[in-house]
Amino acid sequence: MTVATGDLTDGSVGFAGHPQDSYDPEPDHECCERVVINISGLRFETQLKTLSQFPETLLGDPKKRMRYFDPLRNEYFFDRNRPSFDAILYFYQSGGRLRRPVNVPLDIFSEEIRFYELGEEAMEIFREDEGFIKEEERPLPDNEFQKQVWLLFEYPESSGPARIIAIISVTVILISIVSFCLETLPVFRDENEDMHGSGGNYYSYPNSTVRFQKSNTFTDPFFIVETLCIIWFSFEFLVRFLACPSKAVFFTNLMNIIDIVAIIPYFITLGTELAEKTEDGQQGQQAMSLAILRVIRLVRVFRIFKLSRHSKGLQILGQTLNASMRELGLLIFFLFIGVILFSSAVFFAEADERDSQFPSIPDAFWWAVVSMTTVGYGDMVPTTIGGKIVGSLCAIAGVLTIALPVPVIVSNFNYFYHRETEGEEQAQYLQVTSCPKIPSSPDLQKSRSASTLSKSDYMEIQEGVNHSNEDFREKNLKTANCTLGNTNYVNITKMLTDV
């Protein structure tokens, strides 16, 4: 049975059989009072000063806990999970330590934290202890139209049209990458040469089968496909830039930098083509521009990183590499030492061999790297007994060197992967909100008939419940405990789509 009571503003007003919250003017006497809390039939007893350490919580605020006071039994009654209250009470006794009991599920314990109003700090402690991903909130634009556009292009899971735009973006990225790879096939290069015949000028580099045509570029099918892809990339980038809530933060985002890198090579190539059309130019200058174009075209391959915007797998890989930078640095350092040692050793071991494939120590660097990574192309091999011994030691040292930091990197990957997958499954538990039961008028009538309260006491209880209802609703409108969350912020951990 739960009976609510009112807001006691006068210290002289009290309840029969309930000395706990009588607002005695002597603070020492008040702090030593005991409070009995009944959790679904299991009674707990603690001191009032223990609960008053956290006055903003449900049990620490006399006004809030009055709603659950039973004057007949002189105790507070809560029809809640009993095992969870051990940790809740210890939270007050320890001054803020919170640890979930092993026999209490995550969703139930998170709901109890919200019910007893322990606060966001306690919830954050619980999330960190349980390995939850820290919820990162990013502001949304204030303008409603910009907000809808931003959600449409930035968060694919926000709506159905946003998913469609994400699918279009991924398709365009794949088309661009496929086109970039196919245009280097000899069959397409031969077709381009036959198509333009002698009307085109071709330039080649020594020891290279790649030739570049310097005329009729704008009629090339691959150039047309590239232009269409760039139109979409540019449109997407401009829309996201115009709709973003902060222009400064927009350009510091790594994904936006990748978008810029994916677009710029096209316009540089286009400007170079137009410049060569308007000048006679010398062959040396054209060869230099071709060398620049080759580097710029290579940058186009980085468009594949645009897929990480829509892929959780790539994001997990990036987090793993970022967390494993120390181990990767040690791996590179160990390989560097091994390459120097074994390339020097194999050079001197093969120095007396007439047909030695190691004319110098720098030439042996490649062999040492290939051997330590256990690839073994076979393009450079030792022929003497000493050289073969050095090669064997090099391979063994490479296996040991690589094997040492790899488990740490794999462990980091497993951590981020399981944290992401478990975070998705458990995210719904963190969003569960539980509103305390507010006694209704029938409850008051029932308690009135079953108790020995006087009419004046009953009227005070009823008036207090009315004030309590108003305070509770007003607070929850501010904190969004029982309503929708702040619509001007979005949790980015829930706005990812797995491709």
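Cβ atoms are placed via backbone N, Cα and C, with glycine included.
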Candidate annotated as N-linked glycosylation site in Swiss-Prot, where the set is Asn207, Asn322, Asn481: Asn207
Swiss-Prot: matching membrane side for Phe251 and Ser356: no
Residues of the parent chain within Cβ reach of the topological domain 'Extracellular' (348-361), under 8 Å, 6 or more residues beyond its termini: 367, 380-384, 386-387, 389-390
Same-chain residues near the topological domain 'Extracellular' (382-388), Cβ under 8 Å, at least 6 residues beyond its ends: 346, 349-350, 352-353, 355-358
Within the topological domain 'Extracellular' (382-388), residues counted as helix, strand or coil by DSSP: 4 helix, 0 strand, 3 coil
